[in-house]
Amino acid sequence: MDKRAVDNSNIIETNNDACHCKLYAIERGYWNDPYLKILVGSTQQERRTPEISLGYYVRVHGVRYLIEKFIKLTNNDCQIINLGCGFDTTVFYLLDNENLRFKHFVDIDFEEITELKSNKIHRLSSLRNKLPMDNKSLKIPCGFHSSLYTILPADLRNTTQLDNQLKLLATNSIIDFTKPTLFLSECVLIYMSNEHSLNLLKYLSQTFSQCCLFLNFEQINMNDRFGEIMFENLKQRSCHLIGMESCQSLNSQCERYKNTNYTSSFCLTLNEYYKKYLNINEKRRIERIDGGLDEKELLEQLFEHYCFSWAYRDENNLGLNKITFE
């Protein structure tokens, strides 16, 4: 097995870790998601600390909040492309909400992931029946296509391959490079070299230049002792955070958008989001689920090392500057 395949398998394993952390939090009642268990399968979940469950809750809650603002701003006339999707269930969450419509949703990941996810959707009627099919369904090797949802295999480090796959969709009138487009990226860029992530960001801002928003969730403040420990723990599991250079500070997060043709960008830590924007009653509810927090120092340390960042191009003056947590 070559080095690249080994690296991919370790990155792919992060999907399994995230799924099991989310499933534990879902089963404990932090938020509702009936679809992840169907995708992953029924397995006993290892106990997680309250801090981990709260972290995943904030991640899901914050990302969904900004997705909803984007959809509403575009009056449902938009497309969403989920980069490094894993077994993420956002498309099913949106399909269950009649007020959150979109033109098309695309999940993209390594073909090992997309083949698994596609096969499960084909096989499981509880998932397949959620997805309207048309008579001209495109046949995508290691992927899936329906009238509202496509699963597309691609290595995001290879923008030529990604371009070919997206052009396949555009040629078949599945996506439109001029339509308002939201890109989702959760703990994806940090597993790429900075060269690869900058190439990806630049490719997307140029290809969808009329109106696009890139929403990113990942690590930040990785240059302190807590960040070093996080880095070493993942390294021992052969998960190398080779994109750490852009995860040193709020400024470094925003700088890469500036260097890749985005008009403007925003970034805030999970601490800031949790303290300023999360509803106080909801905060009390989730903090009580696992018996409460003895002290919040560990939670605050963890939350200071993850962030939401987003950047946009808005040549159509749609008003993407209004996409905030305010």
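In case you wondered, yes, glycine gets a Cβ from its N, Cα and C as well.
According to TrEMBL, the protein carries these features:
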BINDING   Arg59, Gly84, Asp155, Leu156, Glu186  S-adenosyl-L-methionine binding site
Quiz item: So how many other Cβ atoms are close to Arg59 (S-adenosyl-L-methionine binding site), meaning within 10 Å of its Cβ?
Solution: 20
Self-check item: CB contacts for Glu186 (S-adenosyl-L-methionine binding site) [other CB atoms within 10 A, all chains]
Solution: 21
Quiz item: Going along the chain, which residues six or more apart from Gly84 (S-adenosyl-L-methionine binding site) have their CB under 8 A from its CB?
Solution: Ile108, Asp109, Leu156, Ser185, Glu186, Cys187, Val188
Self-check item: Cβ neighbours within the same chain of Asp155 (S-adenosyl-L-methionine binding site) - under 8 Å, at least six residues apart
Solution: Phe110, Gln161, Leu162
Quiz prompt | Site diameter for S-adenosyl-L-methionine, Å, by largest Cα distance between Arg59, Gly84, Asp155, Leu156, Glu186 | solution = 24
Exercise. Report, as a single number, how many Cβ atoms besides its own are within 10 Å of the Cβ of Leu156 (S-adenosyl-L-methionine binding site).
Key: 23
